[in-house]
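*Asks:* Sharing a structure with you now.
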Amino acid sequence: MSAQSPQYAPFFAVMGASAAMVFSALGAAYGTAKSGTGIAAMSVMRPELIMKSIIPVVMAGIIAIYGLVVAVLIANNMSADISLFKSFLHLGAGLSVGLSGLAAGFAIGIVDALFLFLCYTCHSSFILI
């Protein structure tokens, strides 16, 4: 181990990979759960719109795949003599992807639940595809 690549340097890269996966999965789970409750509520009143309402669930699931891709890229880029600078770059990349995935999952869930509620109360059949 040298001064530029201390023994604890890979820890930060691994934390970046895990942050990308964990936060993205939490955002996808929240978005799926909120969208699922909206679909369940709407399916009672307007059963013909159930299949069109599944699109936000798929969108929320894609967020977890983004986190998985970044985690795999970080893991493949690691080596035994990784520098502390590169390790912090991996941590920053994992945190940015993970936290943006968490925010996107929250946004998908909240917007979809509100949209489906408005869709079945106003009897509008307008759904963006």
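Every residue, even glycine, has its Cβ placed from backbone N, Cα and C.
Heads up, TrEMBL stuff is auto-annotated, nobody curated it.
Here TrEMBL flags 12-33, 54-75, 95-120 as transmembrane segment. The domain 'V-ATPase proteolipid subunit C-like' annotation in TrEMBL covers 15-74.
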*Asks:* Roughly where does the domain 'V-ATPase proteolipid subunit C-like' (15-74) sit in mean pLDDT, to the nearest integer?
*Replies:* 91
*Asks:* Let me spell it out: take the transmembrane segment (95-120), skip the flanking residues so only those 6+ beyond its ends count, and list any with a Cβ under 8 Å from a Cβ in it.
*Replies:* 16, 19-24, 26-35, 37-39, 41-42, 45-46, 49, 53, 56, 59-60, 63-64, 66-67, 70, 126-127
